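Comments concern the structure below.
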Amino acid sequence: MLHIHNCTAMGKIIFYEGRNFQGRHWECSSDCMDTFKHFNCCNSIRVSGGHWVAHEKPHYMGYQYIIGPGEYPDYHNWMGFNNCVRSCQMYAPYRGSYKMRIYNRPDMMGHTMEFMDDCPNLYERFRYRDIFSCNIMEGFWIFYEHPNYRGRQYFLRPGDYRACGDWGCQNPMVGSFRRMRTVM
């Protein structure tokens, strides 16, 4: 059974209930705050266009998974913690520069450092594991809970994040981050 949701030339993600692109599936080409009516679980994904943030819970809550064009035959391939995807958002390609400032205290206080490039091990460069606030000045960034781009992922758009909960985490530990490259 195939459902098509607002097809556009910009991007498309297909969610499959079974692994290896088997079973019921649903095509989506725009943000969806609750996917429950379209499928029960998600064990594989194909992205034929665009870059997406899939969320474990409705209304863009829970674990976040940043998914670019390609095939993901099992939820472990997108670093999933489980087979729940209950909402998704597409984000536009970005071709500009990247710049952010991080802080080891809430409300843009404490020790600070500015970055314009990827960082596979934040502690080696900044000497702090906890990042309580940040200012994303340019570009899209992904924070990872552990070094070498592992663990929970957090997608950050330009703006001020005065507390780590503002980007969806409950623990301020950031082990690595990278620029989200979206050139299409």
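We number each residue from 1, going along the chain as drawn.
Glycine too: its Cβ is placed from the backbone N, Cα and C atoms.
Quick look at what TrEMBL lists:
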type	residues	note
DOMAIN	11-49	domain 'Beta/gamma crystallin 'Greek key''
DOMAIN	50-92	domain 'Beta/gamma crystallin 'Greek key''
DOMAIN	139-181	domain 'Beta/gamma crystallin 'Greek key''
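With a cut-off of 8 Å between Cβ atoms, the residues of this chain six or more beyond the domain 'Beta/gamma crystallin 'Greek key'' (50-92) that come close are 10-13, 15, 19-21, 28-36, 41-44, 140, 142, 150, 152-155, 157, 168, 180, 182, 184.
Sequence-remote contacts of a segment are chain residues at least 6 beyond its ends whose Cβ falls under 8 Å from one of its Cβ atoms, and for the domain 'Beta/gamma crystallin 'Greek key'' (139-181) they are 51, 53, 61, 63-66, 79, 81, 91, 94, 96-100, 102, 106-108, 115, 117-123, 129-133.
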